[in-house]
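Trainee: Starting off with a structure, shown below.
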Amino acid sequence: MSYYLSSENHLDPGPIYMRENGQLHMVNLALDGVRSSLQKPRPFRLFPKGFSVELCMNREDDTARKEKTDHFIFTYTREGNLRYSAKSLFSLVLGFISDNVDHIDSLIGFPEQIAEKLFSAAEARQKFTEPGAGLRALQKFTEAYGSLVLCSLCLRNRYLVISEKLEEIKSFRELTCLDLSCCKLGDEHELLEHLTNEALSSVTQLHLKDNCLSDAGVRKMTAPVRVMKRGLENLTLLDLSCNPEITDAGIGYLFSFRKLNCLDISGTGLKDIKTVKHKLQTHIGLVHSKVPLKEFDHSNCKTEGWADQIVLQWERVTAEAVKPRETSEPRAAAQRFYGKRSRAEAPLKCPLADTHMNSSEKLQFYKEKAPDCHGPVLKHEAISSQESKKSKKRPFEESETEQNNSSQPSKQKYVCLAVEDWDLLNSY
């Protein structure tokens, strides 16, 4: 009987009878329930009870889908049919290199035309905004192409960009124009020390208006030029206006800029202005201008080069980071109820610069052009002896005056260096 209960494929033998206590019982009726339960197998589960299946046939990875379609150009015909053509091998290789531009060893000797296309492709893929990799990629281009990447940089009132992207800004080389007006740098800022490096010796126009500079900052900026004849030796335009901590002693450090043609020291802490005017004219030939010079209207300095859009992108990112959140309706209603005015979201200006420009005289200097040495040709050959004598005396007197004037700066060639100057020079 146990064999029958355990076997499932056993043939039915028919009714089975059993006698018990003098009574005959049929065993098949009692085993019908057991047999039915044995003949029904338990359902088999292929997956566990909490398992679920999701079809992902149309949900591919974005990078994989881009790799599949990036090699083709899709266009439409006149009939409206979709037509695709393969991209050139140059564009495919250019895209691959731009995706891995931070792994390039060097670009020195690479053609400029191809490098500009590579820079644009990397910029379109936003490779220069990636932390770490963007700085390495930018340094590869600046080391090889210098002023082509950026020849002029305007960061006027962009102190947030300077604080966030200082290393990227320091990577630019061979700049000719640099505008750092209204950035509140101070004497100890790292960027002010970077101005004296050889990488920025090509700067000819430097705007440092309203940067909290003092005589110590001017001394630090001019030390390499005064002693080692390097640094900002090619400077032709300098704007130091609206720095009240610069005094008469600080102006004396500027005499080392022999190529300086335009200087603005309006709004500084000068006491003896008449003496300063005389020294500037005698030492470097700068004359005080009675009218405002157009060189200091900040319209000529603009960001120019391959990386001009990158600088604009930095400005947008920093502006969005400090943008105030939108006030909720209950808060706005409460402000209206209590009569509070919302803050105006206007760009910050230079209040110090405006006050100095309105209150004090503009001290802008320029270098006069040398007069033409070739005078008009005399028509008459007969010249009186008196006129010839006068003409001979004049160049002789002029030569004597020139010798006297040249002897004065020759005596001033030997500059006494302070201990702070030697400490600064030893740091290079």
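Yeah, the Cβs are placed from backbone N, Cα and C, and that goes for glycine too.
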Trainee: Of S388, S407, which one does Swiss-Prot label phosphoserine?
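Mentor: Among S388, S407, the one Swiss-Prot marks as phosphoserine is S407.
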Trainee: Tally the residues of the repeat 'LRR 2' (174-195) by DSSP class, grouping H, G and I as helix, E and B as strand, and everything else as coil.
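Mentor: Split into helix, strand and coil, the repeat 'LRR 2' (174-195) gives 5 helix, 3 strand, 14 coil.
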Trainee: Determine the mean pLDDT over the repeat 'LRR 4' (234-255), rounding to the nearest whole number.
Mentor: 94
Trainee: Mind checking which residues of the chain, 6+ beyond the ends of the repeat 'LRR 1' (149-170), have their Cβ under 8 Å from one of its Cβ atoms?
Mentor: 119, 134-135, 138, 141-142, 176-185, 190-191, 194, 207, 298, 301-308, 311, 314-315, 317-319, 321-322, 347-350
Trainee: Report, as numbers and ranges, which residues of the same chain sit near the repeat 'LRR 4' (234-255): CB under 8 Å and 6 or more residues beyond its ends.
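Mentor: Distant Cβ neighbours of the repeat 'LRR 4' (234-255) are 181, 201-215, 218-219, 221-222, 226, 261-272, 275-276, 279-280, 283-284, 295-296, 350, 352-353, 356-357, 363.
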